[in-house]
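Let me begin by presenting the structure, written as structure tokens, before commenting on it.
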Amino acid sequence: EEMNVRTLLGVLLLGAALAVAAGAAEGVPSIRLSDGDASEARRANLSAFAPSPSFLCSGTGLVSRGLCHLFNRHVPTAHRSEASSSSVFGKLRCLFGKGPSAGNGVKLTGYYRLRTPLLSHSIGTPLEDRKRLGLRGLLPAGVVPLHVQLDNVMEQLRGKVSDIERYNYLATIQDGHEDLFFAALVNHTFECMPYVYTPTVGEACVKWHKIYRHSPRGLYISLGDRGSIRKILEAYPEKGIKAICLTDGERILGLGDLGANGMGIPIGKLALYTACAGVPPQQCLPVHIDVGTNNMDLRGEAGYMGLRQERVRGEEYDSIVREFVEASQAVYGRSVLLQFEDFGNTNAFRLMREYQPKACTFNDDIQGTAAVVVGGLMASVRVTGTQLSKHRYLFYGAGEAGVGIADLIAEAIQEEVGGTLEEARRSVWLMDSKGLVCSSRTDKLAEHKLHYAHEHSEGCASLEECIATLQPTALLGVSAVGGAFTEGAVRKMAELNEQPIVFALSNPTSKAECTAEQAYTWTDGKCVFASGSPMEGVEIGGKKLVPGQGNNAYIFPGVGLAAIAVGASLIDDSSFLVAAKSLANQVSEERLAQGTLYPPLENIRDVSAQIAVDVAQHMYAQGAATLSPKPGDMMGHVRGQMYDPSKSG
């Protein structure tokens with residue numbers, strides 16, 4: 001009978017081992033065996049974020065040796081280069097998911113638990129947990145509460161001399177103690193967000209190959225991985241992924257093609273999902289799809305980590321994106337959220353149109369930016385008294401952000417006054433690098449601009465000339481051309497309008513069309529201003545005016561939380577109009593009185609929760625929500641999904 005048990009265990013293990021070995025060449029986890037040293041067994045953990053973790057087992061009993069013999073006999077040597085005799089009971093325990101997990105079914109204790117940022121509470125670990133988890137001796141004797149650790153972090157952060165140093169410091173905290181990192185973001189949102197995302201993330205991406213931290217975070221999928229993407233996703237240790245942010249690095253902020261250096265963007269975006277909307281960090285996966293880069297300077301850098309080749313186009317490009325989307329849905333479910341980020345203009349619009357009906361997906365550069373800007377415009381109605389349909393809009397910049405905003409403005413106008421979408425679009429004009437977008441242009445216009453190529457006979461060689469000719473009431477900059485809003489152009493807006501709307505939306509700050517100080521000064525404090533990057537308040541005529549930042553973080557975390565909370569099968573454009581309205585409704589009269597069109601960032605989690613509730617209700621009305629039955633208390637349901645770093649663990 002004892003031999004039968006041994007035989008059964010051997011068969012079970014051998015089956016598991018062979019299954020693992022069969023995929024080892026594709027990067028799936030392998031089995032490593034040790035001679036019973038418990039510290040060796042803990043090396044199973046390695047890192048919660050290692051793309052191909054190994055598992056170890058310990059023990060040297062008769063059954064252990066017998067089973068190990070079967071393993072060593074039948075698993076190819078190439079797949080067990082680090083193996084030695086030991087027992088497999090640790091592996092069986094891993095397979096059946098016993099004990100605290102790093103997300104891959106592996107029990108984490110001791111040293112390697114402290115090295116796992118999602119599980120480590122560092123010096124805040126209670127004494128009883130230190131004993132239970134094998135942490136005694138690895139930490140100082142005292143227990144330091146999270147709020148005290150947070151005070152220390154903020155003191156250190158404020159002592160740094162540059163923003164990129166602050167970025168690196170916070171990233172180091174994130175790599176070691178995720179709860180502490182998010183406690184800083186949640187409790188000091190206004191102060192920390194510029195260091196975690198825009199504008200500092202732009203500098204971080206430019207220097208990514210020089211400041212790269214050797215602590216795996218996210219996945220780098222390259223052309224050589226085609227045919228194996230599903231296996232790569234299956235090997236990733238976190239199995240409950242709900243939100244993926246992916247980029248190909250072609251248009252990083254206003255900085256252009258940064259190739260693999262663009263990974264800083266999805267990492268930063270997903271940090272804001274957690275900080276601003278409470279999406280648990282273990283449910284977030286940043287991804288870079290490497291199809292090459294056309295940035296010759298970057299390819300010539302000795303330390304550049306991406307593919308050193310020109311970007312592929314056509315079917316070769318489409319096939320890797322398609323494989324990734326299909327693999328993500330196969331591994332994580334049909335409702336996994338896919339946020340496309342910082343793709344080039346042509347691909348951004350094309351991929352959005354292709355996948356919006358097939359997946360729970362959106363493009364934040366197009367739809368998220370549109371919602372936050374339209375939300376600001378809706379809030380401005382309470383300042384100027386002028387409805388959206390009564391404005392004439394001139395965009396300086398006709399890329400994905402500009403056209404996305406224009407499209408949502410047109411939808412808002414149509415909803416406000418009725419009529420057709422074509423009629424609503426007549427209130428919107430675009431300028432690109434070649435001048436006014438109009439039907440008389442002799443050059444070939446990109447497809448996404450055609451809806452706004454209105455008839456216009458007069459030429460407009462400059463922005464000032466276009467303002468004088470079209471007489472817009474709202475000027476919106478999405479050009480990534482720093483200083484494009486000249487004094488003459490802005491003064492002309494003030495001459496034509498009692499309260500001109502001036503939005504300088506490009507980021508980082510160096511790419512802004514003008515500063516808040518310039519806009520307020522040149523209009524004598526009359527303009528209604530918003531920016532894409534944070535800017536200081538300005539005193540004009542004895543009154544302090546505080547510009548609002550049209551930060552996408554007001555929108556995408558709440559929309560993403562809604563989609564996750566109700567298992568949305570898709571996210572249509574109307575969801576972003578709902579989000580814009582929800583955002584505008586949350587701006588207080590006190591904020592508007594000081595010229596601020598957005599709620600305080602310190603309240604971002606409350607703002608995101610309300611947006612999530614409003615969008616979730618809309619998703620049920622549209623038939624896009626799959627969670628059944630529909631929650632009776634939607635706010636309670638949404639709040640129940642939100643991670644709180646102070647209560648984690």
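Each Cβ is built from the backbone N, Cα and C atoms, and glycine gets one as well.
Among Asn187, Asn551, Asn585, the residue that TrEMBL places alongside Arg251, Asn507 at the (S)-malate binding site is Asn551. Binding of divalent metal cation is annotated in TrEMBL for Glu341, Asp342; the matching candidate from Asp318, Asp365 at the same site is Asp365. Note: the divalent metal cation site is recorded as Glu341, Asp342, Asp365; in the same chain, Thr247, Arg251, Ile252, Ile265, Phe340, Phe343, Ala348, Asn363, Asp364 also have Cβ atoms within 8 Å of that site's Cβ centroid.
For Asn507 ((S)-malate binding site), other Cβ atoms within 10 Å of its Cβ number 25.
Cβ neighbours within 10 Å of Asn551 ((S)-malate binding site), excluding its own Cβ and spanning all shown chains: 26.
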